[in-house]
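The structure under discussion appears below in the form of structure tokens.
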């Protein structure tokens, strides 16, 4: 634009200026430089379906924002150094004690910076909430089948975020260099040393020499505030981009199909609800942080390799890994060819690793078994995918047993049982529990499907008994209306795969495996009610 | 893919859930019923009370702005609390009040703001649901064709496929360039040390006095009564500074000293000389993953690691009797010097702490 | 040990070192548990004023009480039986600890004797302690000057972490031992009982003789524990000081629980 031509051609700006005030001018200014109107046009009225469980991912996102905000505040005061100082701050029981600068600055944040303890507690509580909400969000995705095509890759991204969140948590937990975190690091050191071939050197490099060294806090700090958050931010952006590309899934309901999304537009309703929800999550975290202590480092004192506290546990999200270590039997090491194989550590790690990999690739396994290449935007009710729900229940039980094992000592003292009894019980439950959970969940799902069928066909039991003229007693069933019925019948089922020879007349191993898995998945199935069945049932009445 | 699926007539039916997009996908083993119940379409819209009753609408409006004002009150409260509840040095109650009142003010500010916004959205904003059309995630046929064309053109114009020598050497260079980074990481740990050698030895040497942790006061055999437990470091460790490797040496050298009735000890013939009149010293570092095994039960003579519940039997050379530990705790051979102080006969006879690859 | 605060305790609390502002803020929040802890501390200090003179009549009373209540397990001459250990040489401290905390007489055989309501009056306990102490020398009831909680808190806290925290937890919340045994919580325990436990090593607790922890160091440890009791956590409620397990459970049940309840409200249709 040059000044000579501008008065000659009074184009778009002029009418806008007339009709609007500052807002219009500013919008115009920005749009002419960013083309933001395109984004508003595309996204402003984008529809987002409404269901409480669709907000769980938002809880995770908001917790992360809270963590970034409170964490930034903490970085202004925290010193990630293991240089030895004599504590001379306000907390009397640690006065004059030698500790690292990291620990001393954490105590200063807690006792000498106004609002510092509050921010520390907000940061830590939000971190626990971050991982917990990711976990719950993943369970929702899993049990409703939201990971199916086209969202398999987004499941993988989300799962990687879950792992990274745990890494963030663990690195943060270790930073204050207190007794609890120091013993946590010592456990990590012991586990790393157990890795064949590279273990000893990996530990040596990680700690910058012998454990504990003077480097680890600084190194974890770099990971904690720089590398990991950067990766998490990028992956969250990618995760959300995919949500926009795929559009959100929705539950089955009258009028909802695979080709539409029904809900509220981002502007204004969704912005109000989701924006408000951010403040609600922040408010809840703030309330908890102002009322409940978390990680009282002043009790633990500085790290010293000699002391340890009863009830030394990691934060909840690392619990499963701690639990699996506790469940290993005694004396599992083997010395072979002049080298030690620490099976007491390796086998538990392998079990957890296998579990993680299975969860990570589950969408691809299920996709391969069903061979279903369609896009799925309508969520399954968990009961309508009985085998998946059963597998999920087994997985949750497995995880829960490991998790419980991490607090075996606290279970023992609080339920007045022996810790040996708790461990032995959990060792058995680790294998039996998932199997039981599998069958219970599967049977429950199938029973619920049958109930749905019967309600769709015959209506609800009204509890009213009527005597017919012929003397027969019947219970009157109240029919469901068509909208409600649709919720009960609007799904598909799968049937087991039949083995067929391929084009070269062979039956491959992959085929057999797939057929076997397919039989396992879909042998017990209940077909949804069809139009024909509905009509004949109406005729019957 | 379709040929290995069940392709009965029933399944060959049109893909009911993906029609209208021109790209039919395999349904796999899904059963697509021909006479599935038809979607009844949207139910009629039900208005809210705030749509029907202007008084209710007014109430909701009032509630929303009241909440927003309340939020301002919360923020002001937090600022006031920051000033009204300062931290008094050495007064923990002042820290508690500071934390509590700033936190409550902020919580009020945030919750009222959030609840107000949500209430506005729920009760007052337009309530009719909207509908968006979905499109297949994959690009249209034309887009995909054009994408392939672009790659073809780029390949033609660059000769990437044709000039194999250039391509392969490029790939090689790309693989090779990050490798120096791996080497750089060797600098993470000191150059002139070997962890395997370090792990095999601790600070203990023949004649080192056993001393109390952390004071470094040496212990006389007579001080150790039956049933007592001492947390022990080498006497010389107490004079090692933190910058000279105090924690690193301590992490390996910590010892637990206990006295049992001599008749309770079941000792191997070759280790009988390692104890003194029922006094035994064992490494405090768990052979599982290295936690301090510090819990001594004086009646059962069991040692318990609080981290993973490994248990060791002190009467039987600290053999593992429960939990995931891999092997007994190493024993420190001890003796008594001329003045009656407990001293080490030598270093541990095996590496202390968790297993590592080079241990044998 | 009486649980309810006595009038003297209340008085001593008013004269406490706490600043008025702190008291007001504490009252405002309604967190009153300091009161109980502080009171318990003060009363127990008072009750530790034991006259050093051992009267023959008292010993005679103690013998009768012992024979009526303890001898069936510990033997008529304190020699012990299959069911219970010998009490020769355990000293007055052991009796005062075991009977004074209600652990003895034991009601039923279990992994360890739990704390119960105290069965005897202070005088009766004193008599029995004197009787047991006359049979053989052993650790006596600690002098009041060691129980005043005015020792070096920082030194005490460090000694506590090294010698005690592995069983009793860094905050004195207690912890698990093998085969159903446990290290009890130390909050609300009278200073003389803490001291006596260290000298006598009740049940599976090791003995911390004066050569291991000097009387002055024991005083420091008690001071550190009493400091923790008298100063509630600056961060708010401690959730039992059980560490990350309690924090994780709280977060899942109440933190995430309340947030999920709010999501249901947010997405519920407004009527």
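Numbering starts at 1 and runs along the chain as displayed.
Quick reminder: no glycine exception, Cβ is built from N, Cα and C everywhere.
TrEMBL annotations:
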| type | residues | note |
| --- | --- | --- |
| BINDING | C:70, C:73, C:74 | heme c 1 binding site |
| BINDING | C:164, C:167, C:168 | heme c 2 binding site |
| DOMAIN | C:57-136 | domain 'Cytochrome c' |
| DOMAIN | C:151-270 | domain 'Cytochrome c' |
| TRANSMEM | C:249-268 | transmembrane segment |
What three-state class does DSSP give residue C:168 (heme c 2 binding site)?
helix
Against chain A, with Cβ pairs under 8 Å, which of the binding-site residues C:70, C:73, C:164, C:167 show up? Give them in sequence order, please.
C:167
Residue counts for the domain 'Cytochrome c' (C:57-136) under DSSP, helix then strand then coil, are 41 helix, 0 strand, 39 coil
For residue C:168 (heme c 2 binding site) and residue C:74 (heme c 1 binding site), determine the Cα separation and express it in whole Å.
28
Excluding its own, the Cβ atoms lying within 10 Å of the Cβ of residue C:167 (heme c 2 binding site) add up to 26
Quick note, residue C:73 (heme c 1 binding site) and residue C:167 (heme c 2 binding site): C-alpha atoms separated, nearest Å, by 28
Not counting C:70, C:73, C:74, residues with a CB within 8 A of the CB centroid of the heme c 1 site are C:66, C:69, C:71, C:72, C:75, C:80, C:81, C:84, C:87, C:104, C:105
Interface-adjacent binding-site residues, chosen from C:70, C:73, C:74, C:164, C:167, C:168 when a CB lies under 8 A of chain B:
C:167
Quick note, residue C:167 (heme c 2 binding site) and residue C:70 (heme c 1 binding site): C-alpha atoms separated, nearest Å, by 29
Quick one: pull the CA-CA distance for residue C:164 (heme c 2 binding site) versus residue C:74 (heme c 1 binding site), whole Å only.
29
By a 10 A CB contact count over all chains shown, which of the binding-site residues listed here is most packed: C:70, C:73?
C:70
PLDDT averaged over the residues of the domain 'Cytochrome c' (C:57-136):
87
May I ask which residues of the same chain, at least 6 positions away in sequence, place their Cβ under 8 angstroms from the Cβ of residue C:74 (heme c 1 binding site)?
C:66, C:80, C:81, C:84, C:85, C:86, C:87
Please report the number of other Cβ atoms within 10 Å of the Cβ of residue C:164 (heme c 2 binding site).
27
In all the protein chains shown, the tally of other Cβ atoms within 10 Å of the Cβ of residue C:168 (heme c 2 binding site) is 22
